[in-house]
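**Q** As listed in TrEMBL for this protein:
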- A29, G30, A31, G32, S33, G34, K35, T36, R285: ATP binding site (BINDING)
- 658-673: compositional bias 'Basic and acidic residues' (COMPBIAS)
- 8-287: domain 'UvrD-like helicase ATP-binding' (DOMAIN)
- 288-580: domain 'UvrD-like helicase C-terminal' (DOMAIN)
- 653-676: region 'Disordered' (REGION)
Amino acid sequence: MSIQQRLNGLNSRQQEAVRYIDGPCLVLAGAGSGKTSVITTKIAYLVQECGMSARRIAAVTFTNKAAREMKERVGSMLKGKEGHGLTVSTFHTLGLNIIRGELKALGYRPGFSLFDPEDAKALLRDLMNKDAQVDADQINAVQHQISQWKNDLVLPGQALSHAADDDEQYAARVFEAYVRHLKAYNAVDFDDLILLPVVLLRDDPEALARWRRKIHYMLVDEYQDTNISQYLLVRLLMGERSTFTVVGDDDQSIYAWRGARPENLVTLGEDFPRLKVIKLEQNYRSTGTILRAANTLIANNPHVYDKTLWSEMGEGAAIRVVVNRHEEAEAERVASEILTRRIKERAEWRDFAVLYRGNFQARLLELKLQHYQIPYKLSGGTSFFSRNEIKDAMAYLRLLINPADDNAFLRIVNVPRREIGPSTLEKLANYANDQASGRNISLFAACHELGLEQLLPARAMERLSRFTHFIDGVRRRMDQGDAIDAIRGMLHEMDYEAWLYQNASAPTIAERRMANVWLLVDQLEKSMDRDPEDTASTETETDDVEAAISRLVLRDILEQQAEEDDSDRVQLLTMHASKGLEFPHVYLMGLEEELLPHRNAIEVGTVEEERRLAYVGITRARRTLTLTLARQRKTYGELMDCTPSRFLDELPEGDLEWEGRADREDPEKKQARGQDAIAGLRSLLG
Ligand code: ATP
Ligand code: MG
């Protein structure tokens, strides 16, 4: 397709935005109106129509996934060498490239390391523990504060002199030590990826000239989520030339907690008086029903810019709201529906996306999807089976059903710590695999052999046999009685929980990890009762548990293989990670008060941002949207009753199709609630 044909496929305002190249340009428009399409087409236009070298163009966005998608879209438009040297990346990758190219000017040595937030936290913990014992919350608070300072371009000295109270003074002092240590380690943290380039370009005219020669045109997607330093990076790079296009939607600003400034949309007009503002109004993504829901919801927020959004995609199906007994039923429902709907709708797995507020919500869902053997891809967060605690537990299970599984043996022989050292294990392996004698037995079997005693010191031998006796004992109990009981007993007896506590940075993390392990055992138990037809009646319980464990192991392996190919899979992501993406069928889970809107947001009064998040979630859907919630959910280890999200009340009643609601809220209660709200408002107004 020629660039002319591509342009013809766009509406007139989009075309105008693509063609306008002489000055700064802002496209401000609602979801699904083709903002990203303007960016991708404009890149092709600059190269193919204006003869600009792709090397001189940088397009940036926020998530890796969005950058990858954009790259694909552009890649299909540019032929052969046309795209060589083009930068399509996240802000942070662009920053990393600048740092790589400017190591000397920045005073770093080659081979610097990038600290992820966990590394940074560990360093902070060391620094803070020097003075007094501090807890995880304090460390998090200081880390957050430092990150804010960096995003606002505040240096340690300034932080110290502007500190408003003792806490800030303390944080500023830690900040100073933290920066000094990072530098000594030749390391940068995540926020430095933007901060260092900005400071360099601001203070070093030669470096600035170098980068201005390199980048002639910039395009920024999801501009509403830029923070001060990201904005400055764009401004510095573009300078007077001001050849850039930014696109955004203030209703989709969902990163205020990371310092994003939707006001940057306004600032842009002030900093660049020549700014051309183009608004788009037609949505090409969603059905009328879905779009109406999104518009009605977001109308509850105050607006800087008025935007209208309409669609010609037809009314489409009603939005389903499915109320479930509890969170497990919710996950079960979503998984089993996707299984049947794929066939009914003649859809592919990848046409379905399940979105949620927090990664923890994916846990149960993953198990259910695996139960139905539905391929899925989890973005962000750690997939259930790749968690360390689950890998440990799986290794125990594997060893229990197959003591000859050497990999499982090696993974857990020292977990929890049994003081069985590497040299003991090496001798054990040599003995088990003795070429000379032709001996070729498993590590576990070798531990039982008398011959080994001659090779190992008595202490080491004793530790090894204590371990093998322990496992043998569990195996015996599994044979004789309730296998699941024996497994639970094993986890208690070796005090795996204490081990998790020793190794976690915070008790809550250890708690969650242990809960994951129990969840795995529960699932194992369930999968034993649920598949009675799989096993002949003559088989014993041990056979059942073996079969169930093997199924778990297989799922684990299948999942690891699936990890490699990105093809046809159900997408699981947080609403934050879903920005800019679209799917034919979307499930939005957990529409409950305290989850969406999130409890913290309710407490600190940032419900508007949560509403934008819900808006982002809803506007990902092209054809159908299903909202789910649970009547009860485990929160902090306790089963709690949930209240449906206020956002459900804000959607157009007539477009919703409720399922499983015991009874609609009784009108008296609703009225009472209304009166409460009025009373609250009155008291606020004094
Ligand atoms: P978001 O705010 O969610 O990031 P967006 O404004 O970036 O959305 P796009 O993703 O660019 O919107 O476009 C949404 C969908 O509409 C895409 O499938 C895109 O291919 C399609 N689209 C965009 N412009 C047009 C057009 N003029 N005609 C037909 N389809 C279009
Ligand atoms: Mg977009």
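Placed from the backbone N, Cα and C atoms, the Cβ positions cover glycine too.
All annotation found in TrEMBL is predicted automatically rather than curated by experts.
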**Q** Other than A29, G30, A31, G32, S33, G34, K35, T36, R285, which residues of the same chain sit close to ATP? List them in sequence order, counting a residue when its Cβ is within 8 Å of the Cβ centroid of the site.
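**A** Everything else in range on the chain: S37, D249, L280, N283, Y284.
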**Q** What is the number of other Cβ atoms found within 10 Å of the Cβ of A31 (ATP binding site)?
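**A** So the number of other Cβ atoms within 10 Å of A31 (ATP binding site) is 25.
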**Q** Which number gives the other C-beta atoms within 10 angstroms of the C-beta of A29 (ATP binding site), all protein chains shown included?
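**A** Its Cβ has 26 other Cβ atoms within 10 Å.
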**Q** Looking only at Cβ atoms, how many others are within 10 Å of the one on S33 (ATP binding site)?
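**A** So the number of other Cβ atoms within 10 Å of S33 (ATP binding site) is 28.
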**Q** With the Cβ under 6 Å from ligand 2 as the test, give me the qualifying entries from the binding-site residues A29, A31, S33, K35, R285.
**A** K35
**Q** Please average pLDDT over the domain 'UvrD-like helicase C-terminal' (288-580) for the predicted structure.
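**A** Its mean pLDDT is 84.
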**Q** The record names A29, G30, A31, G32, S33, G34, K35, T36, R285 as the residues that bind ATP; what is their largest Cα to Cα distance in Å?
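**A** So the binding residues stretch over 13 Å, Cα to Cα.
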**Q** Helix, strand or coil for A29 (ATP binding site)? Use DSSP.
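**A** Reduced to three states, the DSSP call for A29 (ATP binding site) is strand.
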**Q** List every residue in the same chain as K35 (ATP binding site), at least 6 positions away in sequence, whose Cβ is under 8 Å from its Cβ.
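**A** Result: V27, A29, D221, V247, G248, D249, L280.
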**Q** In the three-state scheme derived from DSSP, which category covers K35 (ATP binding site)?
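**A** K35 (ATP binding site) sits in a helix per DSSP.
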